[in-house]
Each structure stands twice: as C-alpha cells, then as structure tokens.
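Listed in Swiss-Prot:
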type: BINDING; residues: 84, 103, 105; note: Mg(2+) 1 binding site
type: BINDING; residues: 103, 106, 270; note: Mg(2+) 2 binding site
type: BINDING; residues: 106, 107, 108, 109, 198, 264; note: substrate binding site
C-alpha cells in the first residue's frame with residue numbers, strides 16, 4: 001500500500017500543499033488518540049460555553065479546535081483559518097499561500113455515546129490582496145477548493161480526501177503512524193435504495209421534500225416501485241462516508257422551525273468539502289436551487305440546504321422541485 005506523500009505526488013499535488021495536508025493530518029492523529037482514550041483521556045462531557053452557532057461545546061470540541069489552531073498557525077503555510085468554533089477567521093502568516101476552513105469535530109453529540117465522529121477540512125488558495133484575518137478572504141466558491149477531506153474516527157481512523165484528481169481512501173497505520181492509501185478513485189453508485197435524513201423534522205419541510213420522502217417510504221407499493229432503507233448516524237462524516245462506500249442520498253433540507261434560519265449545515269466547512277469529495281467520486285451535491293460549489297459565500301458561517309449523493313437519486317429528488 002502506498003503512503004500519503006507518494007500518492008499525492010502521483011496526482012501532481014504541489015509540495016507546499018502536501019506539507020500543509022501533512023500538517024492537518026498531524027492534528028487529526030492526536031485527535032484520534034484522544035478519541036480512543038474516551039473517559040480515560042478526561043475529554044468527555046460538555047463545557048458551559050456555546051460556540052458561534054449557539055451550540056453547547058463538548059470538551060473534545062474545544063480540545064480539537066485548539067489543536068488545529070496551534071498546529072496550523074505555527075506552520076507558516078496558512079494565511080488564515082476559519083473554524084466552526086471561532087466567531088471570525090484567525091490570522092496566520094501574512095505570506096501563507098493557503099487558507100483552511102474546518103469543523104474540528106463533526107457529530108460531537110456522538111462523543112459521549114462512543115459513536116462516529118470526524119474532522120472536516122477545506123483548503124483554498126489565499127487571495128494576495130486581502131489581509132490575513134479579514135473574513136472576506138474566505139468568500140470563495142467551493143469550486144475553487146484545492147483540497148478537501150475528512151478524517152473519520154471509527155473502528156479504524158480513515159482519511160477521505162481529494163485534490164481534484166479523484167476521491168481516495170486512506171487508513172491510519174497505527175504501527176508506523178502514517179496514512180496508507182487503500183482505495184483510489186472511489187466511485188459512488190449512480191442508483192441507490194438508501195436515504196439519510198433526520199425524519200424528526202419532517203413536519204417542517206417544504207412540500208417537494210415532503211412528497212419525495214413520502215414516495216420513498218411508500219416502497220414497492222408506491223410510485224417508486226421499490227423499497228428504500230433509511231440510515232441516520234447524526235454525524236455528516238458518517239452518513240457521507242456510507243454514501244461514498246455504497247451509494248445513497250443524504251439531505252438536510254430547508255425547514256420552517258426557525259424562519260430566520262431555514263438551513264442547518266454550514267457551507268464553508270461542511271457542504272463545500274463534502275460536495276468536492278462527492279463530485280470527484282461521480283456523485284452530485286446540490287441545493288434545491290443549484291450546485292453547492294457554485295454558491296458565492298456571504299459569510300464564513302453561512303448555512304445552506306444540502307441534497308447530495310448518488311447521481312440519479314439526487315436528480316430524482318430535485319425533480320420534485322420543478
């Protein structure tokens with residue numbers, strides 16, 4: 001099995017970007033260890049604080065965020081970072097070539113029940129004409145990403161990443177401490193009989209999504225004439241990983257619970273990186289109005305509707321909106 005750096009060089013990834021990726025992964029290795037320690041590592045439970053999203057922070061959220069901040073800002077590779085846990089972007093090296101957006105611990109509500117969690121990251125080139133620390137630096141569409149990926153802390157620690165030359169799977173070799181390539185050019189099946197959605201919000205959805213899900217639930221006696229299974233891990237990294245492995249559709253649709261905030265997932269460090277990974281694997285990543293990676297961001301914490309996964313099923317879902 002091929003090690004990370006040679007695999008990236010094979011895809012003609014620039015050496016400075018390889019170095020930045022390795023820096024990010026150094027932080028994820030430490031997080032993986034902390035996660036594996038569980039209660040023994042004294043990082044379980046919640047803090048008394050809320051992040052910018054209004055979410056109560058888990059202790060491991062804070063630990064993971066500080067790890068990423070420290071290692072990235074000291075690297076010299078990044079001009080600025082933005083995190084789910086930070087109100088604004090944080091300035092790095094004014095001469096840094098890249099900017100990094102990340103969710104240090106996706107699915108943190110799963111920590112205390114020992115279920116799937118992960119880290120999501122997205123890398124863009126840094127604009128030269130905007131000062132480090134200015135949030136406007138991050139207002140770039142997803143199709144300008146130079147790298148995106150996530151690290152899934154499960155039975156094994158897996159890296160799923162793309163630099164624009166396909167989506168590849170790596171596994172952390174704990175014996176030697178490096179990530180090894182285990183599957184190159186993953187392809188998402190175009191058709192599926194699995195869907196992932198938080199059904200507890202169904203009554204708040206718009207009519208097109210209500211109708212689409214109702215037809216899935218009707219199974220082989222309904223208009224789709226086949227049965228569908230529902231899966232829901234409550235961590236985007238876990239649900240998208242299943243889609244990448246065996247197909248499916250994942251959606252977090254618009255809802256009316258909070259009219260001033262109809263969307264749940266964040267564009268910069270959740271939707272965009274997952275969209276890049278899925279498109280590179282032959283899938284689709286959309287809102288009900290268009291392609292996710294075409295969206296021009298208006299803030300680093302912007303939220304969006306998400307409909308992504310197997311190509312034919314995403315297109316079928318979108319047909320309900322026409």
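Each residue, glycine too, has its Cβ placed from N, Cα and C.
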Name the one residue among 84, 103, 107, 198, 264 whose Cα is closest in three-dimensional space to that of residue 270 (Mg(2+) 2 binding site); these are the binding-site residues. 103
Taking residues 106, 107, 108, 109, 198, 264, which bind substrate in the record, the widest Cα spacing (Å, whole number): 16
Length of the line joining the Cα atoms of residue 103 (Mg(2+) 1 binding site) and residue 109 (substrate binding site), in Å: 14
Between residue 105 (Mg(2+) 1 binding site) and residue 264 (substrate binding site), what is the CA-CA distance rounded to a whole number of Å? 16
Excluding 103, 106, 270 themselves, which residues in that chain have a Cβ inside 8 Å of the centre of the Cβ atoms defining the Mg(2+) 2 site? 84, 102, 107, 118, 119, 120, 150, 236, 237, 265, 266, 269
To the nearest Å, how far is the Cα of residue 108 (substrate binding site) from the Cα of residue 84 (Mg(2+) 1 binding site)? 12
Taking only the CA atoms, the spacing between residue 107 (substrate binding site) and residue 84 (Mg(2+) 1 binding site), expressed in whole angstrom, is 12
